[in-house]
């Protein structure tokens with residue numbers, strides 16, 4: 001059963017099952033040429049909100065070493081329902097809204113439902129290695145399907161051109177899979193994990 005926290009902005013209800021801190025493990029397996037990289041890792045994922053109509057997201061992964069955990073990778077970003085920004089939303093930058101905040105009731109949020117019975121979502125992620133991703137997709141019940149709409153790379157970043165991600169709430173755990181197109185390779189399986197709610 002998924003509990004909806006008191007004070008959660010109505011726009012976040014379709015994503016509310018993600019809220020909290022999750023911890024578990026996963027595996028990365030990716031072939032480049034004749035070499036295949038395979039690593040198991042531990043992972044901690046956090047989804048939170050600060051009263052605004054988006055989720056704050058962070059993921060930190062580590063590899064178990066002989067002397068304890070060794071930092072591996074991290075990413076951070078924001079998840080929200082995909083809709084046109086209105087005068088009731090802040091921005092750009094630090095500009096305040098000039099109208100009432102939109103989509104504050106369940107009835108108003110239901111108008112954002114798509115033809116498939118889900119809600120369109122967008123996810124903006126930043127990686128410290130010089131890659132930023134914008135994903136678009138859909139949340140339907142306790143499943144999220146995402147595909148990159150845009151990838152930005154700094155001059156020094158490794159080659160990375162696109163990705164898809166899948167998230168699902170299964171047996172009270174968060175399962176995910178991440179396919180990537182990188183290092184001159186087409187889109188293919190890259191990593192997956194299973195994390196449990198710890199907070």
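Glycine is treated like the rest: Cβ placed from N, Cα and C.
Checking the ranges 20-26, 27-33, 34-40 against Swiss-Prot, the motif 'GXWXGXG' annotation falls on 20-26. Under 8 Å from some Cβ of the motif 'GXWXGXG' (20-26) lie the Cβ atoms of residues 40-47, 61, 173-174, 176, 191-199, all in the same chain and six or more residues away from its ends. Sequence-distant neighbours of residue 190 (heme b binding site) (same chain, six or more apart, CB under 8 Å from its CB) are 28, 29, 30, 163, 178, 179, 180, 182, listed in sequence order.
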